[in-house]
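Here's the structure, in structure tokens; my notes come after.
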Amino acid sequence: MNIKLTPDLLAIYLLAIAVLITISLISIYFHLPIHFFTRDVTTQANISPFSGVLSNLGIYLWCVAATASFFAAMLLRNRNQTEPLPFLFSSACLTTYLMLDDAFLIHDSIVPVHIGVGEKAVYLVLAIAVLLYLVFFMATILRTNYVPLILAFAFLSSSVVIDSIFESWLVLQIGHWKSIIEDGAKWLGIVSWCIYHVQTAFAFIIQTYTLPEVANENRTY
């Protein structure tokens, strides 16, 4: 058995240790007990373990989509398939931000409270980033099955519009059930986003690892 500590494995453990160091420094800086960062949220808050279940499932799907894009990019790089790499890496980075934003409420809490930038400004920066993503990679996207991506943008945009414009009206009409509309639209958007990126990553991998004469028959992904 060939047992050795490879540079990649070492880098992963260094990153894991860096996370522990980072939360320790944050704990010291903000005078917060360390278990505040390490223990489960539902345990600390003494709330039902089902609290935020739909939000958590959405975060898991963001993670699946980001991982699929990163994984496909690494495989294609090993096969010297450079054309799709910028698209895959950009998709992975954008999805990772969306995951972190959902997990830590970056646009809603961290940036407005600790940096002093309004929520609308964060939305504007994100919208510009998404627009640039679409402009730069439109040719690649058009070669994929982009229907789930269209649905993702439609559902996610609907959720933002409901939250920004129609929230008060919906509360008056249906009370707390407005959440099933707002958060339900967001959930369907995340599901669609995950479907698109997993499906596209899988198609890139299959095409790359297929014999050339078969791969050239169909250049769509």
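Placed from the backbone N, Cα and C atoms, the Cβ positions cover glycine too.
Those TrEMBL annotations? Automatic predictions, nothing curated.
The transmembrane segment annotation in TrEMBL covers 12-37, 57-75, 87-106, 121-142, 149-170, 190-211.
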Could you check whether the transmembrane segment (190-211) and the transmembrane segment (57-75) come into contact, where contact means at least 3 Cβ pairs under 8 Å with the two residues of each pair 6 or more apart in sequence?
yes
Which sequence positions outside the transmembrane segment (149-170), separated from its termini by at least 6 residues, show Cβ-Cβ distances below 8 Å to it?
123, 141, 178, 181-183, 185-186, 188-190, 192-193, 196
